[in-house]
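J.: Submitted below is the structure of interest, expressed as structure tokens.
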Amino acid sequence: MLKDTDNIPRGYLIVSAVVVVLLALGVKLQNTFMQFFDQLFSSIVQGTAFSFLEPIMRLITMIADTKLGLIYAIIIAVYLWFKEQQRVDAIWVICTMFGGAVVAFILKELVKRPRPTIDQIIPETGFSMPSGHTFEAFLVLAFIYLYFVRPIQSDSKRRWAFRGLILWQVLVMWSRIYMGAHYLTDTVTAVALGIVWLWVALWLYQMLYDWIASFVAPSGGRHQRQH
């Protein structure tokens, strides 16, 4: 469980919040440098469009699909509820994932950034900022780190597992740009928003843990605590 886990350092929170605000404002104000940089980076990424890469990028973007992201969260929550008896954590995972999806949707509607219209390999609908695939991938990877990577006893194995999570996050971001579904700043905003939302979710967890545990603790025993 996360009861005694330190939250994300405030420095990361502040920087991430500033990034979200600045990039969202850049889109709303139609900042020309930001538009130029996004288009330049997209052209560089899509310039690597070798035939063997497309099926790989398609597979990555399919695995990171937003609907599957919700399913991954449910699977993790079910595991925590029944296998680990960490029922508050199971509820937290579900609320964090679904609440995050709402937060990302609200930001999309506020910014209303059109998607890229050139070289779309897979047609996408809706607005572009933030990238939903990238945002939900960040949350799922955060759950995996908190519940499965962080408890690893071996420092070297834990570091390698963490690097693997970072690599997957970067691949998801790259695939969304490669597929022509997003700009770079869409994916960066998604990660920054993920950090902000995760901080809020962890803060709420600490505040509400004991109250929720009083309702869902397993009968005949205390709520399982992971140290």
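For all residues, glycine too, the Cβ spot is worked out from N, Cα and C.
Unlike curated entries, TrEMBL annotations are predicted automatically.
Positions annotated as domain 'Phosphatidic acid phosphatase type 2/haloperoxidase' by TrEMBL: 93-202. The annotation transmembrane segment is assigned in TrEMBL to 12-29, 59-82, 89-107, 127-148, 160-181, 187-205.
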J.: Give the nonlocal contacts of the transmembrane segment (59-82) in its own chain as ranges (CB under 8 Å, at least six residues past its ends).
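T.: Same-chain residues near the transmembrane segment (59-82) but 6 or more away: 89-91, 93-94, 96-98, 101, 122, 132-134, 136-137, 139-140, 143-144, 147, 171-172, 175-176, 179, 181.
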J.: Using Cβ atoms and a strict cutoff of less than 8 Å, what residues sit near the transmembrane segment (160-181) while being 6 or more residues removed from its termini?
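T.: For the transmembrane segment (160-181), the list is 41-42, 45-46, 48-49, 53, 57-58, 60-61, 64, 115-116, 118-122, 124, 128, 131, 133-134, 137-138, 141, 144-145, 149, 152, 187-188, 190-191.
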J.: Checking distant contacts: for the transmembrane segment (127-148), what same-chain residues at least six beyond its ends satisfy Cβ-Cβ under 8 A?
T.: 2, 5, 23-24, 27, 61, 64-66, 69-70, 72-73, 76, 80, 89, 93, 96-97, 100-101, 104-105, 107-109, 111-116, 162, 165, 168-169, 172-173, 175-176, 181-183, 185-187, 189-191, 193-195, 197-198
J.: Across the domain 'Phosphatidic acid phosphatase type 2/haloperoxidase' (93-202), what does the mean pLDDT come to, as a whole number?
T.: 93
